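The structure appears below as structure tokens.
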Amino acid sequence: MIRRFLEKPGSVDIAPFERTVAAAGALADRARDLSLEELREMAAANVGSAEFCAAVREVADRTLGERPFDVQLVGTLAMLSGNVVEMATGEGKTLAGALAAAGFALRGKSVHAISVNDYLARRDAEWMAPFYTAMNLTVGWIAEASTAEERRAAYACDITYANVSEIGFDLLRDRLATDPEATVQPVPQVALVDEADSVLVDEARVPLVLAGATDAGAAVPEMAALVRRLSRGYHFELDDEGRNVFLTAKGTDTVESALGISLYDHPGTVTEVNLALHAHALLVRDVDYIVRDGRVQLVNPSRGRVAQLQRWPDGLQAAVEAKEKLAPSDTGEILDSITIQGLLTRYPEICGMTGTAVAVGENLREFYQLKVAVIAPNRPCVREDEPDRIYPSLIDKELALADEIVAQHATGRPILIGTLDVAESESLAKELRSRGLEPVVLNAKNDAEEAAIIARAGELGALTVSTQMAGRGTDIRLGSPEVAELGGLLVIGTGRHPSSRLDDQLRGRSGRQGDPGRSVFFVSGEDDLLKAYLPEETLPKAEKDGRIRDKQAAYLVGHAQRIAEGVNTEIHRNTWRYTRVLEEQRTRLLDHRDRILYGDAGAEALRDARPERYQELVEQSSEEAVAAAARQIVLFHLDRCWTDHLGYFADLREGIHLRALGRLSPIDEFNREALPAYRKLLEEIEKRSTASFDALDLSAPLAEQGMKRPSATWTYLVSENPFGSDWDRVLRRVSSALRGRKKG
Ligand code: ADP
Ligand code: MG
């Protein structure tokens, strides 16, 4: 009881799991004498029991050569009970997760083991395959390049490893199928999520998009040229958190005289100016994106790597392309979309694992009703985490940082330096080179060499400068006993991240499995984190050696980070408020769709609505031919109307703040509109379907009867939507700037 009292709210009492695992220890000798067949029976008889633990441990030991530690089995049991486990980096979550996946599969469920990239999905599936095979379970994996056939085969396995976006894109593509045979993904049952905080929280609000039919993107080079001439502080201002940019009254005047129009009367132009300004002032090349092969490639803010297939909402994407003077990329109509949170909440059972779960315990509870089970390391972590070294200015910090790196490198100790963005990794590498060192740089620009760079990062004398790419899933082993004697891997952060979890993931590259190691972060009063979230505060005075040791400074740094985390949660919450309604409607509509696709609901509906017409058509051909045509007709209009509905919602969402200037809260107003819109959607599907049915010519293809489906579709992820909760704030500022000017 006391233990439960002391535990954080939302965390799970793991004592029962520990007792089960302790009991499993006593069964080890018995298990050792059993055949695989007998072990399988022992495990399957009572998944989650001591017998289960003893059996899977024995099978893993025989097939993988790794005998699961007690803590791994405790993690397995906590996952089997539907929790997110926190186990430090290097503790062997891959194996603990595989044992849990086997447990779910033995209970008759199919499991989607969700990873954060294709490389890890394949690595884990192939690594764990001998264990699954011995358990008589099948395992498959999916990568971006997998064909529909390969995907179908992988999903047919008991356990399927895949990146979250692949699973989402398959869902979206399936949802357009007009033939049951063409789908690849079965009904979701269990999601077992690796790096759970990253997927379930950081990426939760990212929409996965399915688009179709092409036309060229809106060209806005004039706007890009115009805003390039504006200066910050005079023509435009950023808000305190640096998330929004808005024109000042002066800026509005300048824009208006340059364009020769009144912005007040041209809301469309206001949007274009805002997009151009956003691209100009808030999105920084080599921080938020890189330009490679003549294309803008987004950098994932929490992973530091190029976010493949990811783009901003169309207007903003075009604005950034115009800013970089690139040709606009294709845009298309959004046929369907789902957020990662919407994707994951479809699974009746979710569990997960990560090195950093406790810090998002509240979010996991709020958004997924998940609890966190904290599992102690197998061997105590002996890494020393130094307090931050804090300096007044950026220059002081950079000098001290370079001095420290030079001094530590001279001892031969391997050093991993984590920077906050691509530009910083490059400028630091340059500084180090000017001091005669030869750092290896790992960032979004050379991600192809990743595995090789990481493999050497723990060797004697290694000096690696990396963005957060080295942050998750990577295994840095110490190169030699000599390295351990030097104190192991030294991790240096060049600044605190906007989330303590990212700091902890970086630290976690050192001190794996009881290895020695050390970590330290360098911070300055001019760091973005402090400037953005505590703009009013100044740090206490530095001591003679240039460092600030006053406790207040450390407090302020932590405080700024907590504010940043709070802001992110609030944005997540707000986005979810808007997307939830839509995703509920989507689920309901797709239920109908499934009954049409897999059953005869389409034919029944049209027969009920038009009995005579139905009979007439049957006499012309056959019952089957009419049912098949009816199915295609209803599916076509359902999909078409849903696309329109999405467009309506997007407009509604963008326009809602204007109504909010009245009395109603935007979300209430939004919800009030959503339900009637859905009813109208259903009516519209029925109306259009019956009209098509009336006019149906069974001898001609439907495509020639106004029911042409998009010829090509493609998928992408939308990067953090700057128009989310912040969009209304942007516009409110613009409109207040306008109002101020009108009055003046
Ligand atoms: P995590 O995902 O928790 O960071 P990994 O699953 O990548 O950790 O495993 C880290 C390392 O620990 C791997 O090299 C793996 O082979 C090793 N490992 C995991 N479990 C065991 C075990 N029971 N015995 C020995 N080595 C193990
Ligand atoms: Mg891992």
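Each Cβ is built from the backbone N, Cα and C atoms, and glycine gets one as well.
Because TrEMBL annotations are produced automatically, they should be read as predictions rather than curated entries.
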Using only what TrEMBL says about ATP binding by Q72, G90, E91, G92, K93, T94, identify which of D403, D421, D475 is listed for that site too.
D475
To which of the binding-site residues Q72, T94 does the lowest count of other Cβ atoms within 10 Å belong?
T94
Here are some binding-site residues: E91, D475. Which one has the most Cβ atoms within 10 Å of its Cβ?
E91
Work out, from DSSP, the number of helix, strand and coil residues along the region 'Disordered' (496-518).
11 helix, 2 strand, 10 coil
In Å, how large is the greatest distance between any two Cα atoms among Q72, G90, E91, G92, K93, T94, D475, the listed binders of ATP?
17
Neighbour count (Cβ, 10 Å) for G90 (ATP binding site):
22
Ligand 2 is in the model; which of the binding-site residues Q72, G90, E91, G92, K93 have a C-beta less than 6 angstroms from one of its atoms?
K93
Calculate the per-residue pLDDT averaged over the domain 'Helicase ATP-binding' (74-233) and state the result as an integer.
91
For the ATP site (Q72, G90, E91, G92, K93, T94, D475), what does the 8 A shell look like? I mean other same-chain residues with CB within 8 A of the CB centroid.
M87, T89, L95, A96
